[in-house]
Structure formats: C-alpha cells, structure tokens
Amino acid sequence: MSAFPASPQPSAFPASPQPSAFPASPQPSASPVSPRHCVSPSSGTLPSSSSPSVSSCALRGLSSSSSALSRPPFSSFPASPAFSRRCMLTESEMGKTRSLKWLRFRCILGACLLHFCLGGSHTIGNLLPYLIGFIRNAQATSAVSYKDGLSIYAWAIICQGVGGFLGTTLEKKAGTKKTAFLGSAWMTLGLALCGVCTHDLSLFLIAYGVVTALGCGVAYPVPLAATLKLSPAEDKGWVSGLLFFARGLSVCILCPFQSFFLHQPPEVFLSLIPAPLLPYLSSVASDTASASRLSSLNGKRAAPLPSPGGERFLTDQAVLDRLPALFFVMAGVFACIQLLGVLLLVDPERTSAADEAAADAAERQKLLYEDPQGASRASAGRSSSCSASQVFASLVLTPQDICSSPSFWRLFLMLLLSWQSLFFVQLFWKVLPLYPEASLAASAAAPAPLDSLFASVVRRVPRALASASRPDPRALHAAADAWSLTGSSWSFANDFFLSCLGGLLGALCCFGRLLWGYIGGGIGYMRSTVVMNALTAPCLFALSTYALQSPQLYAACLALVHVCHGGIFSLFPSVTSDLFGHKNVGPVFSLLFAARLAAVALAAIWINIALTYGNLHMVVGALGVCHLVSIGTTFFFHPTDALPYRFPTYSP
C-alpha cells in the first residue's frame, strides 16, 4: 500500500451542487471563516482548493441567496487579537498626532516671536535722521551726513549673511534652542551697545553693523529650519510665509513706536495736528494754559540748520537725547520676547517627527515593492510628461557645475542690479525729502498756500477765539519738523507721518511677495521679473523729481517700489527652481546670496561717491538704469544654459 492517501475522486464534486449537501444554515460547531479568505486580494480569483476549509468557503459562495441571508452577522464573530492590537495602535497614533500638532504650534509661535524681533534690524532707515542729528550735535561738527549711514547698513547686511552661515553650522553641533538663544542674546547685547555708542559713528557701526547684525544672522535660519522640519510638505509654504509676515509686522509696529517714544506726549500729539486746526483746538482749554503750552513747545523746537550740501538735519536736543534710551528699551523688550520664543521653540531632533517621517518612507518603499508594475507605470507617465529641460534640471549639480553654468551668472547679475535699489530705498526713504532736490521739486509743484486754508478755518471760528495773542500756528508747525520745511505742500508732514508711512511700506513689501508669487504662477516667473523691473525703473527715475512734489506722490511712488521689491524675494527662488530644478534650489540660491552681499558693498561705495561729487538725481537715475539692464538680461536665458559644460548634451 502507498504511504500517501489517495487523492479525492472527481465524483466527490458533482457537476451541479445538490441542495442536501449544503444545508441552509451553518452548523454551530463549524468555525467561522473570514470572507477575506474567499478571494485572493492580489489576483481577484478563487484560491487553490488544496485546503478543505478554503474549498468549502469557495463553494459556499456559489450557494443560493437564502443560505447567504441565513448566515450570522459579522458582529457575532469574536474579535481577533490582531484587530484589538490595531485598535490600540490607532489610539496611540492619534495621541502622537495630537502631541505633534501641539509641538508644531509651539514651534511656529516661538519662531514668529523670534522673527518679529529680528525684523527690528530693518528699522535703521527710520532712525537714520535721529542718529545723524545726534552725532552732529555731540561732535559739534558738520562732517557727518546721511550718506555715512550707507556703511552702517552695508556692514549690517554683510554680517547678517556671515552670521547665517555660522548659525547653520552651530545648529548641527549645539542644537536648535541653544543656537537660537545665543543669537538672540548676541543681538540684545548689540542693541544695548548701540545705546552707548550713539555719540560716535565708528563705534555705532561696530555695535549695530557688526555685533547686532551677527546676532540676527545666527538666530535667523534656526527657527525657520525647525518649523519646516516639523511641518508636512503641504504646509511648508504658508509656514515660511507666516514667519516672513512676522518680520514685516515688526517694521509696521516699531516705526511708529520709535517716533512715539522719541517725541513723547504731548509733543507727539501736537505735531500730528494740522496747522489750521491748532487755533480751534487750543481754544478749547483756557487761553493762558494753551498759550503757555504752545510757547514752550515753540521754544524747545528749533528750525534745523542746513548743511553746506543743502541737507537739513534734526537739531531738537530734547528729542535727540532720547535716542540712547530708545535702544535700551528695544533691547529690554526684545530680550523678553526672544526668551519666550526660545522657550516655545522645539528641537526637531528630539521629537518623533523624524521617526514618523522614516516610517512613512518605509511604508512608501513597501508599497513600491508590493506593486512594482504600478510604480513603473507611474514613473513612465511622469517621464513622458516632462520636457527635456525639466529632466536635465532635475540633475544634482555640484558647486563647480553651478559656477560653470551661464544661467547662474545671469541670475547673479540680475540680483546684483536689483538689490542695489532695494538697499538704497530701505535706508534713504525717510531722508530723501530732506535733500535740496526735494525743495526744488516741491517749489515747482506750487500748491495752494497754507494761508487760504487757514483763513477758511479761522472764518468759521468766533472772533473772540481768534485773538492775536496766540502764537502763529503756521510758524509753530513749520518749526516742528524738518520735513515741513521741504515746501508748502509738505507743511503738514512730520516725523510721525513719515514713521507711519514706513510701517505701511513694510506691510506692502510683505504683500508684494504674495502678489508676485501669484502673478508668477499665472504668467511665468521669468515674465514676472520683466514686469517687476519695468514698473520699478520709472518710479526710481521720478523719485528725485515728480515724486517729491507732495507727500501724496512720494508715498505712492514708494509704495509701488516696495511692492515691486517684494517680488525680488519671491520671484528669484522660483526662477532658480525653473532653471536648475527643485533639487538644486538650495545650493544655487546659497551661492546667489553672494550677489546680495556684493550688491550692498558696491552700492555703499558708488552711492557715497555720487552723493559727494554729484547729486540725488545721479543716484536714482543709475538705479533705474540697473533695472533696465536687468530686463535686458532676461532675454539671454535659454533652458539648456543651466547645464554645466561637463554634460555632453550641452556641448555644441
């Protein structure tokens, strides 16, 4: 006899199933079989009949509908241990997800607080008139002028770039929170030193342009990198935009705050009141109290003395003496905000975000190997839809490859030309009306004189209130600020008006980043750079002539320039991605950052020379030509120029 039992005979499975062989309801002793064993999940066919239980399951699927309806429901089957473990894992994963969301919220909030303080370094343009006036009064000399502020801001930008490199390197060794704390403390120390060194230009350059800027640079990339590591890929766009918004918000808040602190009530409120309304508002109080208050204000404020070059400087000693205290207050407030931001900041390496990312990668790899045909079909579809330039741009390039690419040097030239106007406008936006060219432009406008408006207001006031004993409001308002001496059309302008304008310009620059990103997605990023430069050039040409005829034209011109400058931050990274591929955006743009440093260093030199031996018209004219040259550079781009010379596809 054979050692193995005989195989079942074909007669055991008749051609047509008999009703008696398959009862209507299953026996209680029969073990339930999961429906997932009836059909193979991979092929969709019935499994092999080598197992009796599987064979009976397959045949029961062919039974009548009455037998299927008589089966017990799925809930009557006992829960398997694997199902219970899956439920426990699901609850654990939900807890981890909630914890990770809280960590992301903490990290984003802390990063926003840190970037809010870092944005305070861009308010040097608002403080430049006070700084130069304080140094001139302290040294009793007229050798210092507004063009000397170019070296301060240029050193600040260069040291911020160096500090960013140091911060990235230090983060890998010391961690996120320690690096952010070190940069924040260094920045706070620099602001405190600025309060001590305001009497000397060289010392202030070291305190603000080196110490404070290095602290800003060290602390700048750390919170941004931490939030991006904790955020999923679909949220990285709005998270980075939120941090940039926090930096712009600091300019909007700090510029009016600085003016408010330096002037202090009641001076700041009286300087806000237009000249025709001063007699009516002063008559509300007693005549003697109002007259004494206005006369004391008139005695404390003196008309700024013009320099040999025609520039006007602030000479109010009561206001200038508060400048060192302002830096001490800013250092104290920033120290508290930055300490809170560092405490809220989260180190991504100590969270489970990296583990979850690794698990997701392992899951994707598992799915790839389980369905290799689907993966190959997807990759084939992607490769068929990509153009040749996109395939070449997806290559990973080395620094030597990037520097040998003609497209890299064209982008370098465009950034070098565009950044010079941004550097000049961000520093000189408040002092341009104090140049003699502004007075000439305002006199050419010939607006309605102030006396006519003043007379119309006085006629509506009872004669008893318009006594001759009160001081002349026009003379009082003219002596209030140096900007009101620009011309009759600038008579209502004062420091607080210009400070509020600076806050608005900071908000418009942030809005410009979003606007040009949206425009670039519609018409293309390279075409958007052409439109952006075409709008910026005429505004710069008119900045020293027509724009200075009135504060309204000046504000409108600066607003358009700042909106266009916002496109520099959003369009050039996108252009870099289009030319070199998303894999090379980081290395290419890191090398392109040298164009920013070279631009501010070059602009600080030639603008200083142009203002010394020329005038303001030469400076803004040259800056407008830079944007026209940038437009011409865009027509020399070619998709294959992004490839280095070592690739055979690039050789002719």
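Note that Cβ sites are derived from N, Cα and C of the backbone, with glycine treated the same way.
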Among 68-88, 467-487, 572-592, where does Swiss-Prot put the label transmembrane segment?
-> 467-487
For the transmembrane segment entry in Swiss-Prot, name the matching range from 189-209, 252-272, 315-335.
-> 189-209
Would the transmembrane segment (167-187) count as touching the transmembrane segment (417-437), i.e. at least 3 C-beta pairs under 8 angstroms with sequence separation of 6+?
-> no
Candidate ranges 167-187, 189-209, 515-535 - greatest C-beta contact count to the transmembrane segment (126-146) (under 8 angstroms) | 189-209
Grouping DSSP H, G, I as helix and E, B as strand, the residues of the topological domain 'Cytoplasmic' (536-652) number 95 helix, 0 strand, 22 coil
The topological domain 'Cytoplasmic' (536-652) [mean pLDDT, rounded to integer] = 83
In the same chain, residues at least 6 away from the ends of the transmembrane segment (167-187) whose Cβ sits under 8 Å of its Cβ atoms read 114, 117-118, 121, 211-212, 214-223, 225-226, 334-335, 338-339, 341-342, 345-349
